[in-house]
């Protein structure tokens, strides 16, 4: 592709490596020359990125000068120094970068990796089928010290897949949930890439449902739905009625409205019973107070002649009627 300025003055070699500073590798010059060179390189990247997007049928370019400044990607540019009357023409580009991906292997196991990816690859239509793509791709493989089977490819075109099959015999694609394409040989030589423990696709789905059962959020439960149900049944504190319940305010009011209370258990003051009642008291004698429904438990040490006892909620005498207390406000008699 031709440009109105001298391409050979910018790129001293046939294949140049461009980083986020938009300066060719090995550039030397003052600040003014660096600014001019970076501006021209940005124009070249924008034009080539737009041509690549049109060739792939994309709505917008994925390779621009601004995007290269923003990301830690590497761009390889191939030029023909003999074109355009000796000024040079740009033949193709190849953009590389690492991406964090979630990929499946041939066994369906799920892996989180950060491999080197082919993000954009384009050769001008007038220079295709002339060995330019193979030259650029081989140069990249040597610079990155990597094999073609170890690369993940972002949305490759049919021409790119045919190119990989022809030159590198890569055709067995592992289907992925994203737009990246990897081949079966991808996992054979990836010892240098950090891989998280493998997780099956079914356990990933059950992981979302098991956060409540895992004991603490953030931990992973690798189990089936039956295991989760059995775990919940064996732990009553995790069930619906095992949740913490607030203390009863009515019970507190009842305890404070009685004259004597110790640790929440009502203690009754009993008077001696008359000798006419020679009933033999067993283990317990229970008397229920009518107004507050308080239970009084008396456990005598020995059998004695007792007289009847009359209890009221506020400790009234025998000849007085009980007074009912407003349990809500505890200060105004109702009647």
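Our numbering is plain: 1 for the first residue shown, then up by one each step along the chain.
Backbone N, Cα and C define each Cβ position, glycine as well.
Source: prediction; values computed, not measured.
Summarising the annotation, TrEMBL assigns acetyl-CoA binding site to 121-134, 157-166. Look at TrEMBL and you will find 1-187 tagged as domain 'N-acetyltransferase'. Among the features that TrEMBL reports, site 'Crucial for catalytic activity' is placed at 56.
Mapped onto this structure are the features recorded in TrEMBL.
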residue: 56; record: site 'Crucial for catalytic activity'; CB count, 10 Å: 17
residue: 121; record: acetyl-CoA binding site; CB count, 10 Å: 25
residue: 124; record: acetyl-CoA binding site; CB count, 10 Å: 19
residue: 127; record: acetyl-CoA binding site; CB count, 10 Å: 18
residue: 130; record: acetyl-CoA binding site; CB count, 10 Å: 11
residue: 133; record: acetyl-CoA binding site; CB count, 10 Å: 22
residue: 158; record: acetyl-CoA binding site; CB count, 10 Å: 7
residue: 161; record: acetyl-CoA binding site; CB count, 10 Å: 15
residue: 164; record: acetyl-CoA binding site; CB count, 10 Å: 21
Residue 56 (site 'Crucial for catalytic activity') and residue 121 (acetyl-CoA binding site), Cα-Cα, nearest whole angstrom: 10
Alpha-carbon spacing, residue 158 (acetyl-CoA binding site) to residue 56 (site 'Crucial for catalytic activity'), which is rounded to whole Å: 9
Mean of the pLDDT scores, which run from 0 to 100, over the domain 'N-acetyltransferase' (1-187): 94
Coarse DSSP state, helix versus strand versus coil, of residue 124 (acetyl-CoA binding site): coil
Rounded inter-Cα distance in Å - residue 161 (acetyl-CoA binding site), residue 56 (site 'Crucial for catalytic activity'): 13
